[in-house]
């Protein structure tokens, strides 16, 4: 391991004059946003249809359980794998598994055999662990320390545009199929094309030691890691008090998807309206991420105060939105479902449930962007943050695996809502404690960035 020589360092210093250069954090975060636009963005649109676009959600529930079970394992391991393989191999391997998953539902559309979907879900869990560990490391370590909220919101907006476009695909292709129960083949093929494009795009991502910020600092000084090193460092995460405070937020952050997708969008709306709703659900995520990103970067001079304020905003908004969900949920249950709403034919009855689903999307992005900001404030080194984000995604996926089986076993809908509301509420004071104890206004708690101009050929990593 080591540093680049003086000549390359000088070249990088000259190249920092342009913010839109290929090796800038802005371009690299934009590229990883586009990768996630094509792969998990389209996956989100598919999941948001409720039941993977099928009339019976059983296959999708079981596939998602397999997905998040393997994701829980490989999410935690993903940070170490990223540090060993680097971004290109890690991301390309992860992206390719999304294509297989979408293809499994194309197969299910014809054969109605869920085995392929379950196996594809398990494989996707492995790939998603790779992808999200790499994405998290890039999103939290490449940006300048004082602008991490802005870059997180940039990534989240591009990523969720995938859900918006992905929502338009089933909406347009199934617009004249108002009474249809399952989406047509063209919907799945459209998703697969985007996912294949994302796999190719992942090869454009630069490793962190080649990314240079506008002030000349590199994102990390280490070129590669070893299996033994990563095994030890990943093991330490389970005894890291910072990660233990993050764990409840990680568990809660995807737990509500099965409820929102299957039992709000899937139960309350017909097929074409679910596609339209997804356009606005993921569009709301763009709005939410931009708003909370601005608060976390610009609301106060003190970074710690910004963290407290951001957590407070999300807590208040989250309480209001879940309260609105409760008011709607008391009106229906599994054995007493309402008539499905259509955006054209249902008149004013459509408005309230639509606004509720939109608000769920807004809250999701604000909650997850807030957690990513807190993680990013704990360190500034790609290796460390890849492990932190991997731990976060692993615990997140374990929670999601449980949640999809909760729905598969027809747990009462009101119980599901109360559990989701409680899980998110518990996280706010824990995150506030973490900000109070670990986030430093003067960045003393961060790992130092490396300025290549200050190095010589004899420099060694610490």
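Counting starts with 1 at the first residue shown.
Each Cβ is built from the backbone N, Cα and C atoms, and glycine gets one as well.
Owing to the predicted nature of the structure, the values given are computational and were not obtained by experimental measurement.
According to TrEMBL, the feature transmembrane segment maps to residues 91-108, out of the candidate ranges 1-18, 91-108.
Looking at 396-417, 418-439, the stretch flagged in TrEMBL as transmembrane segment turns out to be 418-439.
Within its own chain, the transmembrane segment (279-296) is flanked in space by residues 41, 44-45, 48, 148-150, 152-154, 156-157, 160-164, 166-168, 171, 265, 306-307, 309-310, 313-314, 354, 357-366, 369-370, 373, which lie at least six positions past its ends and keep a Cβ under 8 Å from the stretch. The transmembrane segment (26-46) makes contact with the transmembrane segment (187-206), as judged by at least three Cβ pairs under 8 Å among residues 6 or more apart in sequence. Segment contact is absent for the transmembrane segment (91-108) and the transmembrane segment (308-327), given fewer than three CB pairs below 8 angstroms at sequence separation of 6 or more. The stretch with the most CB contacts under 8 Å to the transmembrane segment (154-175), chosen from 66-84, 114-133, 187-206, 418-439, is 187-206. Proximity of distant same-chain residues to the transmembrane segment (66-84), defined by a Cβ-Cβ separation under 8 Å and at least 6 residues beyond the stretch ends, is recorded for 90, 101, 118-119, 121-126, 128-134, 136-137, 224-227, 230-231, 233-234, 237, 254, 382-383, 386-401, 404.
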